[in-house]
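Notes for the one structure printed next.
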Amino acid sequence: MKLNDLLNQTSEWLKGSGPKSDIVISSRIRFARNLVKAPFSDWATKDQKKDALSMIKKAMESAGFLKDYTFFDMAELSEIDRQFLVERHLMSLEHARNPEYKALVVDNSEIISIMINEEDHLRIQVLKSGFNLTEAWRIINKIDGKINKKLEYAYSSKWGYLTACPTNTGTAMRASVMLHLPALVLTKQVGKVLETVAKLSLAIRGLYGEGTEAAGNFFQISNQVTLGRAEEDIIGNIESIINQVIAREANARHVLMTQDKDTLSDKTWRAYGTLKSAHMITSDETMRLLSIVRLGVDLGVIKDIDIKSINSLFILTQPAHLQKFEGKASPSNERDVVRARLIRERLKK
Amino acid sequence: MLCDVCGKNEATVHLTEIVNDKVTKLNLCETCAREKSAKMEEHFGLGELLAGLGDFGDVAELPKKAVKIKCSNCGLTYSDFRRTGRLGCSECYTAFQSKLEPLLKRIHGSDQHVGKTPSMKQTKVVTEPVSKLQEMKAKLKRAIDTEEFEEAAKIRDEIRELEKKDEKKDKEKKEK
């Protein structure tokens, strides 16, 4: 598969399927793994990185753990292509920087992706649509075992999997869930809910991870503690907290629908109208309006478009996706025109 | 030598600062060093903050001993870790064990792993000696990363010397 083929398929996590997909966009589990004794990527020399890369690549090929997958050498990709992979949540922003001797392995359905030579030698990720951490855990556990048969991991019985940053040591697992919480934002309850979540030592971030704002009312909640708790334990803990957040959002939606349906209908249809007719639109406005439309579709206020198409638009309107669609790099004001046109075309169908 | 700041106590901490390519050397006593480090902490990066969790407070008390602990596998010093919050290799966990234990406990509330274990049998490999040249190159990279250019220039010259020696050896081998 070529990178451009990804343009024509919907990312797994945007399919809008899976449990509770009206509120939960996606579930993700990531493992960090390192080679024994080889310097971690941040400190490694070029030769050492090169050695690590070829060793991992060889091990993966012989492990035969993936049927259809594509190997991307970061240094061979353009900046836009790398940004494109970040926008699809197949790799981190960090991985797009300093591309030398970094690589990405993606299974062609975009559920599994493996970063090589990011902060750790291996970052294995499984991304599923909807609220489905259990399934993500089952998949990643299997892949991890297969790779480990060919590759010895840095591990100590005291401290578990050894990572470049001590905040990941132990299970080296980060489980995160992406939530869409427009009703909690509209009813101004979100601050309180997230405050409580933060107290339970879970981290909250925006759509694109660390340092990004909660654009489009998306919130990513993940575990922070990785040492002293088993994987299933960590996952169970997150699941029970997320379930409560979901219940709060559902309740807020119900309140909006029963107490002030006209205002809600007006808001969602106006947002839909703007998206369908604007000739220039920024990324920020797009996110904001799409979020309201998504709420309208979930609540059955807007019936002539499905959730998958709305989900896709969140990603298709990101800068690198737009530029790949256009087939050329464009300055941001031109991009606003291109973005508006793409949205109009997509919503016409 | 007396402290540059108070001029009263014996200087035991020797600090080299490079700001805008200007090198300043400061000789401080413990008290002034602690004050200085408190000021520096205001500009803390994440790495410092993180590493600081492990031994907050005794930075000034243990400047030489603690900072100079070094991983024999990759050559990373504890101060490199303190500065960046990133360890150098899996063996750093053994080299800095006494420092990492309290740090991990503070971050995670535990210092004993529970959960998944590797499926491959772990082999205990004897540490292979890292070649001198490799070690020097890693040192050079670190010096450049931290903008210690004077140090970097020194290391660069040493590397050149080493490479010359290696070339000579190779030539001699070929001639034989």
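For all residues, glycine too, the Cβ spot is worked out from N, Cα and C.
TrEMBL labels come from automatic prediction, so no person has curated them.
According to TrEMBL, the protein has these features:
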| type | residues | note |
| --- | --- | --- |
| DOMAIN | A:23-252 | domain 'Phosphagen kinase C-terminal' |
| BINDING | A:26-30, A:H89, A:R123, A:174-178, A:205-210 | ATP binding site |
Three-state secondary structure, A:R123 (ATP binding site) (per DSSP): strand
Binding-site residues compared (A:S26, A:S176) - the one with the fewest other Cβ atoms within 10 Å: A:S176
Entry from the binding-site residues list A:R123, A:R205 having the most other CB atoms no farther than 10 A: A:R123
Cβ-Cβ distance under 8 Å to A:I29 (ATP binding site), same chain, at least six residues away: A:Q125, A:V126, A:L133, A:A136, A:W137, A:I140, A:M173, A:R174, A:A175, A:S176, A:I235
